[in-house]
Every structure is written in C-alpha cells, then in structure tokens.
Amino acid sequence: MLSRMTITAPTAKRPLPAVPPADRAERLLLPATFITSLGNGFQLVAAAVLVFTTGNSALAVGWLYILVSVPPALLSLWFGTVADRFDRRTLCLTADLASAAAAAFLPVWILTGGDPGPVAYGTAFALSLLSAMFMPASNALIKERVHPSRTARFSAHYEMAMQLGLLLSAAAGGILIHYVGTTPLFLFNGVTFLASAVALWAMRKAPARPETAAHAAETDGAAGAPLARLGLLYACGQTMIMVSNTTLIVLVYDAFDRGAGVYGIVDALAGLGFCVAAALYPRVSARFGEFRTAVAGGIGCALMSFVLPLHLAVLLIAVPPAAFMVGLSRVGMRSILLRSVPERRAGRLFGAVNAAGLGLSAAMTILVAAVADATHIRYGFYVLGAFCALATAATALSLRGRMTAAAPVPEIGRVTRTGA
C-alpha cells in the first residue's frame, strides 16, 4: 500500500516582487516640485497684493487671475503634443530657465523705478504661458522616468510636495510681505525656478534603450484603457478644488462675516487634510483598490459641499475630511492615469486633462457665481457638489468592469498561495 501512495508537497509560497527603490530621477523630481510650488505660491500672492495696491481695485486682481488661467486652458493640449515629440527633460529645463528670467525681470524693473502695474500683468502671463508647457512635459517625464510599480507611491509624494509648498506659501506669504515687501518674494520665485532647473540638469538624460525596450515603452500602459473617461474623473476633481477656492472665500468673508485670519485657518486645515491623504494613500489604496478609492474620495468630497456652508464651526470641522477625500481622489486618478497611458501619449493626455479641468472650472465658476449672486452662497455650494458628485458617479459607473484597479491591490511583500 505504501508503494502505491504518493505524497504531494505543497507548492512553495512565492512573495510578490518588491517595489524597486526610488531612483535618481524620482529623488530629484520631488524636491523640485516642492520648491517650485512654494515659489509659485509666493509669486501669485505677491502679484495679487502688488496689483491691488497699485490699481486700488478688486477688478485688477480679477484680471490677474484671468491672465494666469488663459494660457494653460488654451495651450496645454498643444504643448502636450510638443512634449510627446521632443525630449521632455529638455522642455522642462527650458521652461524653468525662461521662467527664472521672467520672474527676475519684475523685481529688477521695480528696483530701477519702473511702473510695476503693467509689468506685473506681463510677468504673470509669461509665467503662466511657460507653466502651460511645463505641466504636460513634466507629467510625461514622470511617466518616462518613474518605475510603473512606484507610480502610486510617487503620485502620493508628488501631491504632498506640491500641497506642502502651496500651504507654506499661503501661511508665510502674507507675513513676509508685511515685513519685507513683495520684491524679495519675486526674486525668491526666480531662485526656485533655477533650483528646479538644477535638479532637472542633475537628473541627466535617460539612458539609451535597446530597440525592444523602446518598442515596449511605446506600447506600454493598460491595453484599451478608457483614457478619456479617466481624464474626465481627474478633471472633475480639479474642478472641485479650483471652484471651492473661490466659493470658500465668499463663504468666509460674506456669509460668515469673518476676515483673513479665519480664511487662513480654513486654508491651512484644507492643506493639512490633503497632505494626510497623500501620506495615507498607499495604505488605503492597497486595502480598497486605487479606482475605488479615487471614486469614493471624489464623491465624498462633493457631498461634503452640502455640509460646509451650514455654520462656521461646521466648516472648520468638515474642511479637513473634505480635503482628505479630494486628496485621495486626486492622487488615485493621477496614479491610474500614469499607469494607463502609453509613454508616447503621456504629454497629450495630461495636456488635454489640464485644459479640460481648467475649462470646466471656469464654466462652473461662472455658474456657481451666478447662482450665489441670485440667491445665497450656500446654493452655489449645492450646485457645485451636485454636479461633481453626479459627474463622478456617472463616469465611474460607465467604467464598471473596465477597471481592474477596482479590486484591492495585494500589499507588497505579502505571501500569496500558488497551490495547495
């Protein structure tokens, strides 16, 4: 009997491949993102103060924001196409050096006694134009240089670096302007562009790839991925963030009759919630799946719009979780887009997504402002929340069954069974 028995040994458990460590490009991209975000925040705050004090009109500030938003909305798609045809690192390096020159021109003009008003508008327009080229090129560079298995972690760190820069600039900008004026902040912005250019130069050119690897890079990404609808989900999150920035100002100053101090607290709480979301995103997405996390975060933040205008105390309590949810959505959709798009189309995709997000934000800002002016700002929040929740839910439902990312992602290092 023993000779007729066979013993089947259990199949050895194979661990999932470990995520490779961050390479040189990733380590340089993150600090460059932080310092550029910090400088841009200082630039925008200082420029707004400068044009307001020289023009003595809120409309002057409005025109500044219009000039800043027009080039990315109109030219991001075209610049994305350019980023797919030329070397992305060179384009980013060129944009940074040109931005440094443009940023430095304004303080030099002021120090030589020139009228700062018109030059402030021209500088803002030039920097926005260069940003429209930098944005799709830098995202395509991320797709090119960051290992596919690290996109989720990198997206979280990228958004955290960007938000920390904006948060620090918002917190320190007003204080620095009070003590040292606007001119040093303009100079500092030029220095940040130079620092970013140094990081890009230190990144060096991508190593030459053999023909098979080059072909794989051209055909990578998720086969048949619904990029247009994924981009729409990302644009909905961008719309929620940009329009909320406007409605929160009106809510704090008008509806709640508070000033800059309270608004600064609200802004800081929002930045904190966003940074916590970026820090926890790898764990949350590993538990629930990237797509599910991103969609739930987008819908959850949109629904919070019905709570925010109830009372000042409610606003202060609800802003951090609302920012946390939109942070999960933004990081998740960025990661999914980076993983899904072929490298040869990355520039066009992110250029189109940026243009769509800005255009949708402009349209929603006009609609929400019209509703708020005719009724009350809380109804503007309701319109914004309803639109973003319905658009996100409808788009996500149309993708049901198409997104394998909806399933929970196994944790790195977890042992999986391959047999019994």
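Quick reminder: no glycine exception, Cβ is built from N, Cα and C everywhere.
Straight from TrEMBL, the features:
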TRANSMEM  28-52  transmembrane segment
TRANSMEM  58-79  transmembrane segment
TRANSMEM  91-112  transmembrane segment
TRANSMEM  118-141  transmembrane segment
TRANSMEM  161-180  transmembrane segment
TRANSMEM  232-256  transmembrane segment
TRANSMEM  262-281  transmembrane segment
TRANSMEM  318-337  transmembrane segment
TRANSMEM  349-371  transmembrane segment
TRANSMEM  377-399  transmembrane segment
**Request:** Between the transmembrane segment (28-52) and the stretches 118-141, 232-256, 262-281, 377-399, work out which stretch tops the count of Cβ pairs under 8 Å.
**Result:** 118-141
**Message:** Under 8 Å between C-beta atoms and at least six residues away from its ends: which parts of the chain pack against the transmembrane segment (377-399)?
**Reply:** 226, 229-230, 232-233, 236-237, 239-240, 243-244, 247, 250-251, 254-255, 291, 295, 298-299, 301-306, 308-310, 364, 367-369, 371
**Asked** So which of 91-112, 118-141, 161-180, 349-371 is most in touch with the transmembrane segment (232-256), counting Cβ pairs under 8 Å?
**Response** 349-371
**Fill in**
Beyond a gap of at least 6 residues from its ends, the CB atoms lying under 8 Å from the transmembrane segment (349-371) belong to 69, 72-81, 83, 132, 135-136, 139-140, 227, 231-232, 234-236, 238-239, 242-243, 246-247, 337, 341, 379-381, 383-384, 387
**Asked** In the same chain, who gets a Cβ under 8 Å from the transmembrane segment (318-337) while lying at least 6 residues past its ends?
**Response** 151-152, 155-156, 158-159, 163, 227, 230-231, 233-234, 237-238, 240-241, 266, 269-278, 281, 284-285, 290-291, 293-298, 300-301, 304-305, 307-308, 349-350, 353, 403, 405
**Request:** Grab the same-chain neighbours of the transmembrane segment (118-141) for me: Cβ-Cβ under 8 Å, and only residues 6 or more beyond its ends, written as numbers and ranges.
**Result:** 29, 40, 43-44, 47, 50-51, 54, 63-64, 67-72, 74-76, 79-80, 82-84, 88-89, 91-92, 95-96, 98-99, 102-103, 105-106, 109-110, 186, 338, 343, 346-348, 350-351, 354
